[in-house]
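Trainee: Below is one structure. I have some questions about it.
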Amino acid sequence: MSHFLIFGLMLATCSIAFASDPSPLQDFCVADPKSPVLVNGLVCKDPKLVQANDFLFRGLNIMGNTTNAVGSNVTAVNVAQLPGLNTLGISMVRIDFAPMGINAPHTHPRATEILTVIEGRLLVGFVTSNPENRLISKVLEEGDVFVFPEGLIHFQQNIGHGNAVAIAALSSQNPGVITIANAVFGSNPDIPGDILAKAFQVDINVVYQIQSKF
């Protein structure tokens, strides 16, 4: 009996370790953002009050505004926009790119991403973890699919002559995003300049100049 108990505990531990989001224990758990209760995720709305609109998001066909410093726009559809995603462990985004626009190097701490090019031509890539720091990169055409493993820094760049569009799915209802430049040079308050100067092996004035842009 003890061996079966230990084996069961091992299986339970493994299932927890491999899950990005909590697994649903009912048909659905529509998020109730008005609940004062704090949990790892969002509290379920009373199933009797759930409506079809809780599972609906409109507007992913609309192009995002790419007139910004990086020339891209991300339209997210996660649990904040679509309450019915709560506990389902999935979300998606639309990414619009102006010519030569980029989705700057970033990471999703809670999700793997699988991206499909709908229109245009993208250069994409991700970097493996220390100490190798290997860049794995590819040029994608319309209809191509590429996957970015969970937690790794990755990017996309429009290398076509016109606008580009991609759709990506992520393995979390709330994958999170850490844009590297914003986090490092735009933290609040600032990371001390001498730390960044030593980390990037540049003059401290270069650090101050970059911080001023964020």
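Residue numbers in this text run from 1 along the chain shown.
From the backbone N, Cα and C atoms, a Cβ is placed for every residue, glycine too.
Automated prediction, rather than curation, is the source of TrEMBL annotations.
What TrEMBL shows for this protein is this:
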type	residues	note
BINDING	N103, H108, E113	oxalate binding site
BINDING	H106, H108, E113, H154	Mn(2+) binding site
DISULFID	C29-C44	disulfide bond
DOMAIN	58-208	domain 'Cupin type-1'
SIGNAL	1-19	signal peptide
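Mind running through what each feature is packed against?
Mentor: Residues within less than 8 Å, Cβ to Cβ, of H108 (oxalate binding site) and separated from it by at least 6 positions along the same chain comprise F148, E150, G151, L170, S172, P175, G176, V177, I178.
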Trainee: Using C-alpha atoms only, work out the spacing between E113 (oxalate binding site) and H154 (Mn(2+) binding site) and round it to an integer in Å.
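Mentor: It is 10 Å, counting Cα to Cα.
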Trainee: Any idea what the model's mean pLDDT is for the domain 'Cupin type-1' (58-208)?
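Mentor: Value for the domain 'Cupin type-1' (58-208), mean pLDDT as a whole number: 97.
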Trainee: Measure from the Cβ of H154 (Mn(2+) binding site) and count the other Cβ atoms within 10 Å, all protein chains considered.
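Mentor: Its Cβ has 22 other Cβ atoms within 10 Å.
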Trainee: Between the Cα atoms of H154 (Mn(2+) binding site) and C29 (disulfide bond), find the distance and write it as a whole number of Å.
Mentor: 31
Trainee: Given H106 (Mn(2+) binding site) and C44 (disulfide bond), what distance in Å do their CA atoms have, once rounded to a whole number?
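Mentor: Their Cα atoms are separated by 31 Å.
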Trainee: Pop the Cα-Cα gap between N103 (oxalate binding site) and C29 (disulfide bond) into the table, whole Å please.
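Mentor: Cα to Cα, C29 (disulfide bond) and N103 (oxalate binding site) are separated by 32 Å.
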